[in-house]
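Chemist: Pasting in a structure now, in structure tokens, and then I'll have a few things to ask.
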There are 2 protein chains.
Amino acid sequence: MEENVSNDPVVAIVGVTGAVGAEFIATMDKRGFRISKLKALASARSAGKTVSFRGQNVVIEELTERAFEGVDIALFSAGGGISKQYAPIAVKAGAVVVDNSSAFRMDPNVPLVIPEINAKRIRDHKGIIANPNCAAITALVPLWPIHQNNRIKRVIISTYQAASGAGAAAMDELVESTRANLNGQVYTPKVMPHPYAFNLFNHNTAIDPETGYNDEETKVINETRKIFEDETIAIGVTCVRVPVLRAHCEAITFECEKPITEDQVRAIMAQAPGVKIVDDRAKNYFPMPIDASGQDDVLVGRIRKDLSDPSGHSISMFVSADQLLKGAALNAVQIAELLPQRVMA
Amino acid sequence: MEENVSNDPVVAIVGVTGAVGAEFIATMDKRGFRISKLKALASARSAGKTVSFRGQNVVIEELTERAFEGVDIALFSAGGGISKQYAPIAVKAGAVVVDNSSAFRMDPNVPLVIPEINAKRIRDHKGIIANPNCAAITALVPLWPIHQNNRIKRVIISTYQAASGAGAAAMDELVESTRANLNGQVYTPKVMPHPYAFNLFNHNTAIDPETGYNDEETKVINETRKIFEDETIAIGVTCVRVPVLRAHCEAITFECEKPITEDQVRAIMAQAPGVKIVDDRAKNYFPMPIDASGQDDVLVGRIRKDLSDPSGHSISMFVSADQLLKGAALNAVQIAELLPQRVMA
């Protein structure tokens, strides 16, 4: 740690040129996350370019096996392949890795953490802490305090997922294909499997040929059970990509063990960390991607009785959260803030 | 019927300049719906303009109380207010009205018809037949044959509804606000309650202050029960407007009285009138708005076990249908095709 003159950690960002990488920097800046040095890591293609952090230009270095020397905390968001290859190297070099990919999430030795839910699991880490899937985070931040109060037995989720979840190139493709569409031009999809302009489609992950569930849905199911430490919660989920840039929405219906009213849910939501209620029936104002974009909180609204369950055990609601922030960079930085490295480095 | 020299009916279209009005004309043309004369009716603002039908220009006439003389069949799609005012006048003049608005749908004297489901109800009409809500039609065409085979007890629907459901002006607003967004210009919504470019929001109908359900959702619930003639089917629904031009999608999870498998559902769908299976897991190819647009069928895919119901009674699927065709104009023309006026006029 030759250059680390303060007690603040050296932080590396892996994938600094990506959509989440940019938000790692912005989020650390916004939250006053103190560091002694930023190491900006990316592929050889970006090495030598610069990123701006707190008014200073930081030269991007190539991600190599030597890149983690002296690093205390490494925030990874460069895809599962990069994480699998380099996270163990970073750990060996002495860093704690907060990994935004799905590579280690279901590893029993890796804590899967949403700080509002299971911050205590951070202490179990053996070098890697996994950041959950964005669609899971968006649902679980509001569902957890309800689950604590009145156990959720079953949940059915339909997602409305933004381009950002597939990265900066997908966001560009949504913009450019829409521009082409409006100009009457043909646009051949390069990133997404289907035309994106004014269209929507099944989530762009592989489909299990047996179950018919896409990988995103399987992540939501498995990660919910791991984070809630509840293997019996029954989850049905449909993940859909919609032509929105960077905030996910979800229509959620859940059934509790005991009867539950919308007033009870509203009272729980009013106290819930990381949640903002947006639920104005008179003005028809509810969670929307344009309002969630750039916000830290999960917006929660349309809280109402699920009319398909006359027993009074079920509630429906609609939520929205910034996929790049709470769904990715913010959650990872929140985890990093809770690491002992932050004060002990 | 002075000009009606054939036995084919005189057909009036009310709201001929609207998005559905244009599709009434295109659908009659495509299906070879024989008529002796087309009366194109709209507001005074459009009177004197022309619409093209089978290569001929038809002059638009102003909708007045006298406009229905000699009309055999009147297809209405100009909003509930116009229907309430003019449909009884058309009936009095001897026409049978097929009304695309919600004005008469829940009137016990008015059949609410999806021909694939309850064509037999047409004979009960007293002058007016109602065309169901588009979100209801999209769900019910595939659900009905399942319900016949294995009674559906409960259904949970999340919609992804296109601009067209709010009319041609909303489609224009989606296009123009998106163009402005891409050009960095400010666009003030005129038709929709919220910015539409790369955004989504709760359906733009009033919210019941007590239940929290929007009118679109209430329509889906009430109309399903009327069409299925089943007051006990339990329905939960969330209706959302997405930035798509003209086809609705819906994520549907339903629970049957007896156990049901995805193979059984696929076999039923393969036989179902008005349904086309689009369900390719290997290619990640499922129902999409761009494929449903311009198609008569409801596209059905992502047929799979609902993993939130371990009892094996529940299935999830994803459907898409052209809101302007099966959701509106096509269904209405199908009803008109079954009217005795068509052969007896």
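One is the number of the first residue shown, and numbering goes on along the chain from there.
Any Cβ shown, glycine's included, is placed from N, Cα and C.
TrEMBL labels come from automatic prediction, so no person has curated them.
Straight from TrEMBL, here's the annotation block:
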DOMAIN    A:10-125  domain 'Semialdehyde dehydrogenase NAD-binding'
BINDING   A:THR17, A:GLY18, A:ALA19, A:VAL20, A:ARG45, A:SER46, A:SER164, A:GLY165, A:GLN323  NADP(+) binding site
BINDING   A:ARG105  phosphate binding site
ACT_SITE  A:CYS134  active site, acyl-thioester intermediate
BINDING   A:GLN161, A:ARG241  substrate binding site
ACT_SITE  A:HIS248  active site, proton acceptor
Chemist: Here's one to test understanding: among the recorded positions A:ARG105, A:CYS134, A:ARG241, A:HIS248, whose C-alpha is closest in space to the C-alpha of A:THR17 (NADP(+) binding site)?
Modeler: A:CYS134
Chemist: I want to check the contact list for A:GLN161 (substrate binding site): same chain, sequence separation of six or more, C-beta distance under 8 angstroms. What comes out?
Modeler: A:CYS134, A:ALA135, A:HIS203, A:GLU216, A:CYS239, A:VAL240, A:ARG241, A:VAL242, A:VAL244, A:HIS248, A:GLN323
Chemist: Determine how many residues of the domain 'Semialdehyde dehydrogenase NAD-binding' (A:10-125) DSSP places in helix, in strand and in coil.
Modeler: 35 helix, 31 strand, 50 coil
Chemist: For the binding-site residues A:THR17, A:SER164, A:GLN323, which Cβ has the most other Cβ atoms within 10 Å, all shown protein chains included?
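Modeler: Top count of Cβ atoms within 10 Å goes to A:GLN323.
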Chemist: Roughly how many Å separate the Cα of A:ARG45 (NADP(+) binding site) from that of the residue listed as 'phosphate binding site', to the nearest whole number?
Modeler: 28
Chemist: Within the domain 'Semialdehyde dehydrogenase NAD-binding' (A:10-125), what mean pLDDT does the predicted structure show?
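Modeler: Mean per-residue confidence for the domain 'Semialdehyde dehydrogenase NAD-binding' (A:10-125): 97 out of 100.
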Chemist: Between the Cα atoms of A:ALA19 (NADP(+) binding site) and A:ARG105 (phosphate binding site), find the distance and write it as a whole number of Å.
Modeler: 20
Chemist: Which entry in the list of binding-site residues, A:ARG45, A:ARG105, A:ARG241, has its Cβ near the fewest other Cβ atoms, using 10 Å as the limit?
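Modeler: Ranked by other Cβ atoms within 10 Å, the binding-site residues A:ARG45, A:ARG105, A:ARG241 bottom out at A:ARG45.
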Chemist: How far apart, in angstrom, are the most distant Cα atoms among the NADP(+)-binding residues A:THR17, A:GLY18, A:ALA19, A:VAL20, A:ARG45, A:SER46, A:SER164, A:GLY165, A:GLN323?
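Modeler: In whole numbers, the farthest two Cα atoms are 26 Å apart.
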